[in-house]
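**Student:** Taken from TrEMBL, the feature domain 'TRAM' covers 6-64. Summarising the annotation, TrEMBL assigns S-adenosyl-L-methionine binding site to Gln289, Tyr318, Glu339, Asp387. According to TrEMBL, the active site annotation covers Cys414. According to TrEMBL, the feature active site, nucleophile maps to Cys414.
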Amino acid sequence: MKTKIPVQLGQKYEIKITGMGQSGEGVGRYENFTVFVPYALPGETVEAKITLVKKNYATGEIVSIIEKASDRIKPICSVYDDCGACQLQHYSYDAQLHAKQQKVIDMMEHIAIKKDIIIHPTMPSVNEWHYRNKMQFPIGRTKKDGIIVGCYAHSSHNIINTEMCHIQKHTNNVIANAVREMATKFKLSVYDEKTHYGLLRHVVGRTNRDETQAMVVLVTAQPKIPRVREIVNFLRSKIPNLTSIVQNINTGRNNIIMGKECKILWGSSHITDRLGSLKFKISALSFFQVNTEQAEKLYECALKYANLTGKETVIDGYCGTGTISLFLAQKAKKVYGMEIVPEAIRDAIANARDNNIKNAEFLTGDAAKLMPQLYRKGLRPDVIVTDPPRAGCAPEVLKTFAAMQPKRIVYVSCNPASLARDIAILDELGYKALEIQPVDMFPQTGHVETVVLLNKK
Ligand SMILES: C[S@@+](CC[C@H](N)C(=O)[O-])C[C@H]1O[C@@H](n2cnc3c(N)ncnc32)[C@H](O)[C@@H]1O
């Protein structure tokens, strides 16, 4: 039976906002029909003009706020209205934390197994601002402004020229500004997504927690950078803590930021950061949590849930540069880490060696293939820790987790939707979620990270 959609494109409706969506947008209902309203806050009543209508939901934009939330504050960023990077600067930090906890509760209610799971209050970030150790800004050009470097505007590929991003560590702002000046001074061409002509695509900046080291990655659409030595010297003169300049070549006609090939133009192939008492090498292509100070808290929580005594064998699926693996290895008999990016595994092996950790072994490959292989070889871990990308774990991976019969599974997730789906699958496979700790890794944005403890039923 066809249900009647009660809203029409271009019309205005009064909507009471009751929740927050995946990207921090307000969620309300009009005659029981879901309407998403970006920048509207839970508790507010807004007049919204409908901009998109789909079968099961609509999207609207705020025309006026009829009833304002007491937690609504003035955003500090001058480009906040246009920029797509942050979604919650207009919400007090306490309210952001509360809304993120609620988002996890809502997601668990959705899969109907919430009843007896303890969902803790969100752990606040050590830094509310200037927490990002990694910046990835596209580079463009306009007639009016010349070379522009910054975040994409909300839901578009228009670049917002950004001289000061308040969630980036200061070094990354210095890098973005230096690269803008460099591209202008050396008259470098800029890649055009439509014609596929031009050289510079993105700049990626990375820095460590105390900002004593910095890496610039120039992502180019062609292998040759003209006047490259002069460019290296220019960047070195502009970025005082610079320790590495890398060129990444990306000839792909897609939205993926970095290609597979990296060339070191100057300095080191990596920067080094610290988590707890461990040191980590991070190269241009390696995944490393973007909020270092808070990653420490996240991993401490994963370690607490793993509840190791020193006798356990542990698998860390999706291990990146081995961060969680090495945290666990300090308290376990043996840890196996697996990861699909070979460079990250190289870093993980070097990280184990540099930290004098001998009970961690790292495997390169797709977890969906490696896990069943390890199962067939007879590996039966006591604990499994898994920290997959946003899409969550592949079904074969979850099945193998359960077949291995560990006592506990600790699931670290950056996406409550795929997490809820995987918890429901694991529940059917005999693993019950007991506790969830939401952790705020990304203040001012709608994202929430979670650590979940699941026990064998
Ligand atoms: C969210 S990150 C977690 C990394 C690490 N635990 C950390 O905190 O630094 C997910 C990792 O999974 C890796 N990955 C993605 N797909 C994979 C797959 N099919 N098999 C194994 N690893 C994969 C990514 O390269 C990335 O390093």
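Every residue gets a Cβ built from N, Cα and C, even glycine.
Each of these features: where is it, how hidden is it, and who are its neighbours?
**Tutor:** Over the domain 'TRAM' (6-64) the predicted model carries a mean pLDDT of 95.
Counting every protein chain shown, 24 other Cβ atoms lie within 10 Å of the Cβ of Gln289 (S-adenosyl-L-methionine binding site).
DSSP assigns Cys414 (active site) to coil in the three-state reduction, placing it in neither a helix nor a strand.
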**Student:** Looking only at C-alpha atoms, tell me how far Cys414 (active site) is from Gln289 (S-adenosyl-L-methionine binding site), rounded to the nearest Å.
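**Tutor:** So the alpha carbons of Cys414 (active site) and Gln289 (S-adenosyl-L-methionine binding site) sit roughly 11 Å from each other.
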**Student:** With an 8 Å cut-off on Cβ-Cβ distance and a minimum sequence separation of at least 6, pull the same-chain contacts of Glu339 (S-adenosyl-L-methionine binding site), or say none.
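**Tutor:** Looking at Cβ-Cβ distances below 8 Å from Glu339 (S-adenosyl-L-methionine binding site), excluding near sequence neighbours, one finds Tyr318, Cys319, Gly320, Ile345, Ala348, Phe362, Leu363, Thr364.
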**Student:** Any same-chain residues 6+ apart from Asp387 (S-adenosyl-L-methionine binding site) with CB under 8 Å of its CB? Would you list them in sequence order, or say none?
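**Tutor:** In sequence order, the residues whose Cβ lies under 8 Å from that of Asp387 (S-adenosyl-L-methionine binding site) (at least 6 apart) are Ala302, Asp316, Gly317, Tyr318, Cys319, Gly320, Ile324, Tyr411, Val412, Ser413.
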**Student:** Reported in the order helix, strand, coil, what are the DSSP residue counts of the domain 'TRAM' (6-64)?
**Tutor:** 0 helix, 36 strand, 23 coil
**Student:** Going by DSSP, is Glu339 (S-adenosyl-L-methionine binding site) sitting in a helix, a strand, or coil?
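**Tutor:** For Glu339 (S-adenosyl-L-methionine binding site) - judged by DSSP and reduced to three states - the answer is strand.
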**Student:** With every protein chain in view, how many other Cβ atoms are within 10 Å of the Cβ of Tyr318 (S-adenosyl-L-methionine binding site)?
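**Tutor:** Looking across every protein chain shown, the total is 20.
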